[in-house]
Structures are given as structure tokens and as C-alpha cells.
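A.B. asks: Sending over a structure as C-alpha cells; questions will come in a sec.
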Amino acid sequence: METFEFLMHGFAIAMTPENLMIALIGAFIGTIVGMLPGLGPINGVAILLPIAYAFGLPPESALILLAAVYLGCEYGGRISAILINVPGDAAAIMSTLDGYPLAKQGKAGIALSLSAFSSFIGSILATIGVVLFAPLLAKWAISFGPAEYFALMVFALTCLGGLVGDAPIKTAVAALIGLTLATVGVDAVTGVYRFTFDSVSLSDGIAFTTIVIGFFSVSEILIMLEQTSVGQKALEQGKRSLVSFKEFMSAFGTIIRSGLTGFVVGILPGAGATIASAMTYSNERKIAGKTGKFGEGDLRGIAAPEAANNASACGSFIPMLTLGVPGSGTTAVMMGALTLYNITPGPQLFAEQPDIVWGLIASLFVGNVILLALNIPLVGFFAKMLNTPNYILIPAIAAASFVGVYSIHSTTFDLILMVGLGFFGYFLRKLHFPLSALILGYVLGHLMESNLRRALSISGGELGILWGSPITIVLWLLAIFMVLLPIYRAIKSRRNQVA
């Protein structure tokens, strides 16, 4: 009952005219930022943070604005992923696998509307979870140490074999390339320069924006240059811009399962929406079995990652608010907002600053309703973007890509590197290597290395810490199972062919 009273008080704060307008502005800006390849929620929130502080917004209003931008970016990331096969951020990578094929079939509107509904339901489920289970789930999440996180990252990598097709060797090679790219730069512990080729510009590594825009956006431009059109004819054959009730219900179970999974992953500090979307896509592909058409335009392939990444985004607020530990890179930026206002996140925040905590939680409900109201009427508009002629679309994508990369470090080296990676990605696509596995390998590589270093530092170099707890043992067993599964499938398939 006390929780309900606090939540109602939070709604009273979140639904004042000023905060409603702030949430609307944040949701709209976030959606636009999410559409721009390579920017993503971290950049969106980081850009708005100093603006919110400069305008003198009270802390609860500032957090409502930043949370709306965060959720808006998660919604917006799917738009470019579905329409032009360029994910807005890493979490939207999985949405390209079935979203883009659907768009090329003339079902862009159906894919966009289903993704909006999936995002909404996943977010609402996770926000309810934040209200009901925050203290309990936060205690469970804190039990994950660096060894557990390293095992989790290894398990996530082994899941890649079930994510992006039936070529486990090419998937493994692509992931290995991503892991290698993640090692570029100065070693944070030893100070050794790794794969920098005596270039100062590579001392800090390769920026994620450069990686994702190069491999996805530039390679897509090169693919488009080979064609006279990109899916326009397929889109013209479509007669509906909204998902039907029957189609929605066929994916409803997927949405619920993925939303709950995404929420659980989201409360693990550092796990993030990328892992959540990858895990749920893999799970749903296995559940569908031979009846699914994952990778060819299966609606469940859209519903799973979209419900998961938005649920994960909401779940990431739990460790931030209750433990003072950022659940994601974006919530780390939001913790910076609290610091600007001399507020310390942690267990005492609920007692000392209930207006901030419950106003923020209530705004997650309000923000998702606003985003759904914004996105559904605009589905037709977003779908029609695919009709844009290539002579307009290619320069627009190129301009957004160059601006996005240049805005990070303001160096021409990043632009040259982006183009080089784009050509590399183009040849990989021609050879049917899954770029999504490469990007996921890059993202997980940083997390794996940092957690492995921390674990070995704690144990004094003793490797036993990596499998010394029940959680790590379970994760290693799951990883071994995921490695053996495609081998078993290949052997079984060959036996069936011989028979």
C-alpha cells in the first residue's frame, strides 16, 4: 500500500503541465536522435544534460526529460534499422535481421507498428517490475561480480551461433573480428599500445560510432549504389501501414517473454539492452524451430528484440536508483545529472528524495504512453521514407553518417577510418559474414576484458575465480551447451541427408 501511495505521488509530479510538456519534448527529441545512425541514447542524453541544467530545471524535471530522451532513442533506433538496415545504436542491431527483410517485402509499416507496440508493452512490464521488485532484484544483481559478468559475456558470445543464420564458422569469425577491434588502443592496465600502428588517433581505440556507421551505414550505401532502388517496389505492394490484431496476437507471447527477460537482464549493471535483445532473439528463434522464418521477415524477430531492449532500458534504472551503480552507459550519464544537483543515488535516495525517485518512475509510464501516441500516427510517414529515391536517400544517409562520426572527436581520421571500415564491411557482406555478430563481438569485447582483468586482480591471478561460484558454473555450462548445439544440429542434418 505504501508503494502505491508513493507511485500516486510520483504521478502527481510527472503529470504537471510543465513536466508533461518536458516529457513530450524529450520523447520527440529522443526519437529523432534514435533515428540518426550511430548517435544512440548515450549521446542523446549527454547532449540534453547540460541544456537541462543550464535552463535551471529542477532535478525531478531534468530526470524526466533525460528519461524521455532515453526511451525515445530506444524507440527511434528501430526506425533506421527497419527502413534502411542501419541500427540507430547497438541495441537495435537485432531489429535489422527481420525488420529490413519485412520492409523490402512492402511491410515496413507493419514492422514499425509492431515494434512500437512491442516496445511499449516491454517498457510497461519492466516499469511495473521497477515498482514492485526494485529492492529485491537489486540485491540479486549486486551478487554478480566481475567473474560472473565475464562468464555472462562468454555465454552471450556463444549465443551468436543461434542468432544470425546457419553458418556458425562465419559467425564465429565475424565475432572474432569484433573482439579484435575491441582491443585496439592503449591497454588501461599495462599502458602497452595494441594495434595502433604508431597512430596517436588510435590510442583511445576505435569509437563505437565509427564502427557501427562504417560497417552498417557505409556498407549499405555501397550496396545501394549497385541497385536502382532499395525496396521501393516491395513497399508499393503493401496495403497496410499497421499490424493487424491477428498478427499482433501471433507475436504476443514473444513480447511478454522477451519483455520479462529484458527486464531481468536490465537490472544487471553493465549487461545492457544489446545483450537483452540478442538473448531474446536467440531464444525465440529456438522456440519457433522450423516453423519460424527468422532472418527472412518473421514478425517475432521484430517483437523479441524491441520488447527486450526497451524493458532492459527501464530495468537499468533499478541499480542506478537503489545502489548508485549505473545499469547502462546511459544511466551512467543520468547519474551525472544527479551529481550536478548534489544528489547521491543509492538506498537512501528513496527515503530522502522520494519526489525524484517516484516522479522518475511514474514518468516512465507517462513517457511510454506519449511515445506510443507519437509513433503510431507517424508509422505511415516513416514507412514512406523508404520510397525516397536513391539519389536523395544515399546523400542523406552519407551526410548523417559523416556528421554523426565527426561530432564525436571532430577529426578527419575518424571519417577516413569509417569509410575504410565501410569497404571492409561491404566485402564481408558480399561473402555472407554476419555484421551483427561482428558488432556484438566488439561491444562484448570491452566488457569481457574489463571484467576478466578485475576478476584476476581480485584473485591475484588465480583462474579458479572464473568458475568458483554457482552462478559462473551455470553460465559456463550454458555456454558449452550453446557451442555444442550447432555442432549437434549439423551432424543431425547430415545424417538426415544421407538417410
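Backbone N, Cα and C atoms are what each Cβ position is placed from, and that goes for glycine too.
Owing to the predicted nature of the structure, the values given are computational and were not obtained by experimental measurement.
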A.B. asks: For the feature transmembrane segment as recorded in TrEMBL, pick the matching range from 305-324, 325-344.
C.D. replies: 325-344
A.B. asks: Compare 77-97, 109-137, 205-225, 464-488 by their Cβ pairs under 8 Å to the transmembrane segment (389-408) and return the stretch that comes out on top.
C.D. replies: 205-225
A.B. asks: Quick one: find which recorded stretch in 20-39, 172-193, 415-444, 464-488 has the most Cβ pairs under 8 Å with the transmembrane segment (205-225).
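C.D. replies: Between the candidates 20-39, 172-193, 415-444, 464-488, the best contact partner of the transmembrane segment (205-225) is 415-444.
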A.B. asks: Using Cβ atoms and a strict cutoff of less than 8 Å, what residues sit near the transmembrane segment (464-488) while being 6 or more residues removed from its termini?
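C.D. replies: That would be 143-145, 147-148, 150-152, 154-155, 157-159, 161-162, 168, 452, 455-456, 458.
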